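Database features (TrEMBL):
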- A:141-204: domain 'CBS' (DOMAIN)
- A:205-263: domain 'CBS' (DOMAIN)
- A:287-307: transmembrane segment (TRANSMEM)
- A:313-340: transmembrane segment (TRANSMEM)
- A:361-382: transmembrane segment (TRANSMEM)
- A:388-414: transmembrane segment (TRANSMEM)
- A:426-449: transmembrane segment (TRANSMEM)
Number of protein chains: 2
Amino acid sequence: MPQHTEKAKAKLHSLTAALESGALSKVRRMLNAMAAVDIAHLLEASTPKVRKVLWELVDKESEGEVLQHLSDELQGHFLSDMSAEEVADVTADLDTDDVADMLQQLPERVTQEVLSSMDRQDRVRIESILEYPEDCAGGLMNTDTVTIRPDITLEVTLRYLRRHKTLPDMTDNLLVVNRQNEFIGVLPINKLLVSDPQQTVREVMNTDSKVIHADLHETEVAKLFERHDLVSAPVVNLAGELLGRITIDDVVDVIRENADHSLMSMAGLDEEEDTFAPAMKTSRRRAVWLGINLITAFIASAVIGLFDKTIEQVVALAVLMPIVASMGGIAGSQVLTLVIRGQALGHLSGANFRWLFNRELIVAGVNGSLWALVIAAITFVWFNDPIIAAIIGAAIIINLFVAAISGAALPLILKARGIDPALAGSVILTTVTDVVGFLSFLGLATIFYL
Amino acid sequence: MPQHTEKAKAKLHSLTAALESGALSKVRRMLNAMAAVDIAHLLEASTPKVRKVLWELVDKESEGEVLQHLSDELQGHFLSDMSAEEVADVTADLDTDDVADMLQQLPERVTQEVLSSMDRQDRVRIESILEYPEDCAGGLMNTDTVTIRPDITLEVTLRYLRRHKTLPDMTDNLLVVNRQNEFIGVLPINKLLVSDPQQTVREVMNTDSKVIHADLHETEVAKLFERHDLVSAPVVNLAGELLGRITIDDVVDVIRENADHSLMSMAGLDEEEDTFAPAMKTSRRRAVWLGINLITAFIASAVIGLFDKTIEQVVALAVLMPIVASMGGIAGSQVLTLVIRGQALGHLSGANFRWLFNRELIVAGVNGSLWALVIAAITFVWFNDPIIAAIIGAAIIINLFVAAISGAALPLILKARGIDPALAGSVILTTVTDVVGFLSFLGLATIFYL
């Protein structure tokens, strides 16, 4: 176990101890000695009651920074208890993009109050970000950029930079703009450092660097950063004017959230889901998902109900039927997951999908026949009845083919209809594999036994 | 749809067309006009046959760069067809960490040959990386660093930098070391630019910056980068000597892979899984997972088999029993997924787990009773039998409690035993919820009907 997490664990432990012993002043001291990001992590990892206590102990001046590191759900939770003035204060020193994100957790009315209580420059900057949806480049961007003109020399640029007390974090490029603030190119700082100071910016700058349009969706922004190993990228509007820049730290959050999205959605959960949400809130959310799945369960039952006469005569069918359904479900979910991930990585196109589809049919054929044989053999030994063994074998093959077809096709059909495959895919898939599983197995049995 | 992906799509389309028309020279031209990362993406998104053709058309000198952007599985696939000399050549101009990653895809013997055919400096550097497992800081690090001594002035530093033609990508910090090459601190380039050139490095450098030990696990490295918004971080050995540095681009890959891991594992897939792996390879891999799940299915059947007499008398039980099992499975997988994500985010500790566990029990109680009522009501209307309605209601409540308990406890138990919860969790969970579902429902029925 890495040493620094050991330390963290130890710190956490003594803090919890102090908390339980009610030594709040001690807790406050320990808490505010921590980095904002670690306080945020501690809050995320705390139960609601503890969370409330800890939040009240956080120094006013660090509240903003802590908030910025919290998940949307927790941000909204804490912000909702604050007045517009308080929100304005605690966010005063934050990056404009982070402030914009937070404001999006608040009701429109409050957002307006907060904005009006800010100084003009900040308000204008943040409003320029709020113009864009949270999930596109304009919503991700940060407006604090270091811009220079192309006609000055590097020497002058260096002197100009020295007039700053600090440069914004992750400033790997200076952004070159003309008098109309139109983006022309970037001057990589590393290039500035190794080039002859007498050269002009125009001579040294890159004009082929990646530029991001404010309306580009965040997942596409993430792909650009990943594929071109960017640390930051300029954001421009359709007129080509520089609006701001996106930095890798914000992109990493996007990557993490999008990756979590598929995992959580497949279980009917939200990627922003608070691990320690209160019981009632959790119950309400989960109830919906259970309800949806109950419908599919009843559909499966209805199918079984069609064959009650057959089951009455051959009870072994009832014993074996779950095997057919579950094997179909497992095989289907493997295809479904692979295709959903393929969509996320942008691997799937019309051309290669046909190949993938055919491969899945082959795989279904191979594994279908293999496991059909195994299951038929076990069934024969178990019930010593060749007919039922043959029937379950056939049903398994049928269901694995159907599972492959629906597992591969569902994500594309759903996506084309604007439905999230990760969320709806697994429910629909199980419905299909259950129905087909029971239908084929019990149906064939009815033909052969009645 | 963002414009640049439109362009990509169009390019891909005409390339595919050229490929189908067999105009290979045209394909070669188009292919080698693309960036290495885009060629890599195209290969990942191609079917095996097309992949083979395309790979042969890639210019020798860009092969290395393309390889570096491929998944481990594809890297291994292409590298295995190359001689040690070829591997040495194509990797000659790559970052040492990327070369090390590739060598890890090769058999030990070949790796040794490749190393021996490299020049001494590269060999030493790469061997220093290969000393560490691929999944820890030492394996992630890159050995090309810009180091300076603390006693020189910024003026001198600037002049020293100007002697370089370029600086390594993502050089946001100069690394300060003493004569024994022990790491002392970092000089952020942005600080270098805004500070008085007459100051010495020692006066300006940060000594409290994050330092990573070579044996830190990659997931911990990723957490450090995420939580402290790092672009790069120095890597040291236990003696405190500087070994190299890790850059955010490599960390992003770690984050992406770890996030994909849970999703893919839950379906028994590998996060490095090639979307377009050949049918036979895929069949073999999937067969294993189906086999494991078949065992759980037969266990469930065996349980049902215990009650065949009861089912013979009340066939409605056979119709309804899947509902009890599936509701348990759904409820359980929601808890399981939440806890597995919580583990990945480092939210779970002994203290808050007890709370989480209790909350899940409450949620199970609430949703259990809610849906037990609904299901009982529907059952009563359907079969007009109060006993069976009451029995299924009771079974639902029992199974949802068991689902909550196993969904919450399994990940911790498995992790403590060194088993991957994402991989084994869902299989074990469904076994439990199926067994308990059938056992409680059919068991209660037996008591009341026989």
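Along the chain as shown, the residues are counted starting at 1.
Keep in mind that glycine also has a Cβ here, set from the backbone N, Cα and C atoms.
Listed by sequence, the residues of this chain that lie at least six past the ends of the transmembrane segment (A:388-414) yet keep a Cβ under 8 A from its Cβ atoms are 314, 316-317, 320, 323-325, 327-329, 331-336, 339-340, 343, 348, 353, 356-357, 360-361, 363-365, 367-369, 371-373, 375-377, 379-380, 420-421, 424-425, 428-429, 432-433, 436-437, 440-441, 444-445, 448. The residues of the domain 'CBS' (A:141-204), classed with DSSP into helix (H, G, I), strand (E, B) and coil, number 19 helix, 17 strand, 28 coil. With a threshold of 8 Å between CB atoms, the same-chain residues lying at least 6 positions outside the transmembrane segment (A:361-382) that come near it are 320, 323, 327, 331, 388-390, 392-394, 396-397, 400-401, 403-405. Within the chain, the transmembrane segment (A:313-340) has long-range Cβ neighbours (under 8 A, six or more residues past its boundaries) at 262, 266, 300, 304, 307, 348, 356, 360, 364, 367, 371, 375, 379, 383, 385, 388, 392, 395-396, 399-400, 402-404, 406-408, 410-412, 421-422, 425-426, 429-430, 432-434, 436-438, 440-442, 445, 449-450.
Within the same chain, residues 267-269, 317, 321, 325, 427, 430-431, 434-435, 438-439, 442-443, 445-446 sit at least 6 positions outside the transmembrane segment (A:287-307) and bring their C-beta atoms closer than 8 Å to a C-beta of that stretch.
Broken down by DSSP into helix, strand and coil, the domain 'CBS' (A:205-263) contains 27 helix, 16 strand, 16 coil.
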